[in-house]
Amino acid sequence: MKRVAVFTSGGDAPGMNACIRAVVRGAVYHGVEVFGIRRGYNGMINGDIFPMTSHSVSNIVQRGGTILKSARSKEFMTPEGRKKAYDQLMSHGIEGLIAIGGNGTFTGALKFFEEYHIPTVGAPGTIDNDLYGTDYTIGYDTAVNTALEAIDKIRDTADSHDRVFFIEVMGRDSGYIAIQSGIAGGAELVMVPEVLTPIPEVVETLKQGWSRSKSSSIIIVAEGDVEGNAVVLAEQIREQVGVDIDMRVTTLGHIQRGGVPTAYDRILASRLGLGALEGLMEGQKNVMAGIVNNELIYTPFIDTIKLPKPINEDLLRMVRILSV
Ligand code: F6P
């Protein structure tokens, strides 16, 4: 393989830049020409494709966001869009792709291969940590630490005012950020999409806390919780609790997607970027590079897309025990 291209797609994640850097510097090391594609699949369709050198990725290992920008492309979901993308890649002589993103990104890459036989190797870039085939995804550690910093601050004011706080963290289909930040932040309860926590149980937990003279409580809610987001939940709980409680809701939102990547994320992203590039050079296709038990492995896209990555339910049990 003589010429490859790298792009970032879907929701951005801190550490994506370190991953791009590893792909580009790895390509330079191996004597492979490397191109960047801006704005994910949209840039592929529009021909926003440019050569990258070692210098293109100087001074980015520590930066959040993605220098290649990102998008969730609707056009690439159409056969016409994919045809345009293929024509653009051919006109630039691109033989293989490195896709940094999540499930939507890999679904697109697989469809593209079925039609045009362009091989792609993926690197898992999403704060949600919801990809089968890797213990951790790029950006997850930073997002957990960002959420934790906010939770610690909210705890100060919750305590001063004897309040109950519902803090919503990201995770459309996944409770990973909620569980980790909840444990580290000493939350009373963590609510996640994977496990139903019935509202009466939340009410009971709060009441038990008050009976033990707890004056403030923090409940972490993943945005995709089955019972509703934090605003909906807080209202339902207010109705059911039967006493007038001082309650506030904070949605942390997109601050979790930005910021300086942690050392962990930079190292993970570097390993996965180089691993994805070297996999592609060795003939891997339609697989995601991942780190499982500290070993680099490649998992077929079809598995990363279809197989669930279960949360550790024992950690939810631990939250309850430790908040007594
Ligand atoms: O997939 C990562 C993620 O941050 C989810 O946790 C969240 O639901 C979603 O992206 C938000 O996407 P957008 O930035 O498009 O609103």
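Just so it is clear, glycine is given a Cβ too, placed from its N, Cα and C backbone atoms.
Listed features, source TrEMBL:
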DOMAIN    3-278  domain 'Phosphofructokinase'
BINDING   GLY11, ARG72, SER73, GLY102, ASN103, GLY104, THR105  ATP binding site
BINDING   ARG21, ALA22, VAL23, VAL24, ARG25, ARG155, GLY186, ALA187, GLU188, ARG212, LYS214, SER215, SER216  ADP binding site
BINDING   ASN103  Mg(2+) binding site
BINDING   THR126, ILE127, ASP128, ARG163, MET170, GLY171, ARG172, GLU223, ARG248, HIS254, ILE255, GLN256, ARG257  substrate binding site
ACT_SITE  ASP128  active site, proton acceptor
By a 10 Å Cβ neighbour count, the lowest-scoring of the binding-site residues ARG72, ARG257 is ARG72
Running a distance check here. Ligand 1 versus the binding-site residues SER73, THR126, MET170, ARG248: which have CB less than 6 Å from one of its atoms? THR126, MET170
Given the ATP site GLY11, ARG72, SER73, GLY102, ASN103, GLY104, THR105, its other Cβ neighbours within 8 Å of the Cβ centroid, in chain order, are SER9, GLY10, GLY40, GLY101, THR107, GLY108, THR126
DSSP on ARG72 (ATP binding site), three-state: which is it? coil
How long is the line from the C-alpha of GLY186 (ADP binding site) to the C-alpha of ARG172 (substrate binding site), rounded to the nearest angstrom? 22
On the domain 'Phosphofructokinase' (3-278), the mean of the pLDDT values is 96
DSSP says MET170 (substrate binding site), in three-state terms, is coil
Between the C-alpha atoms of ASN103 (ATP binding site) and THR126 (substrate binding site), the distance in angstrom, to the nearest integer, is 9
May I ask for the distance between ARG248 (substrate binding site) and GLU188 (ADP binding site), taken between their Cα atoms and rounded to an integer number of Å? 15
Should ARG257 (substrate binding site) be counted as helix, strand, or coil on the basis of DSSP? helix
What's the number of neighbouring CB atoms sitting within 10 A of the CB on GLY102 (ATP binding site)? 27
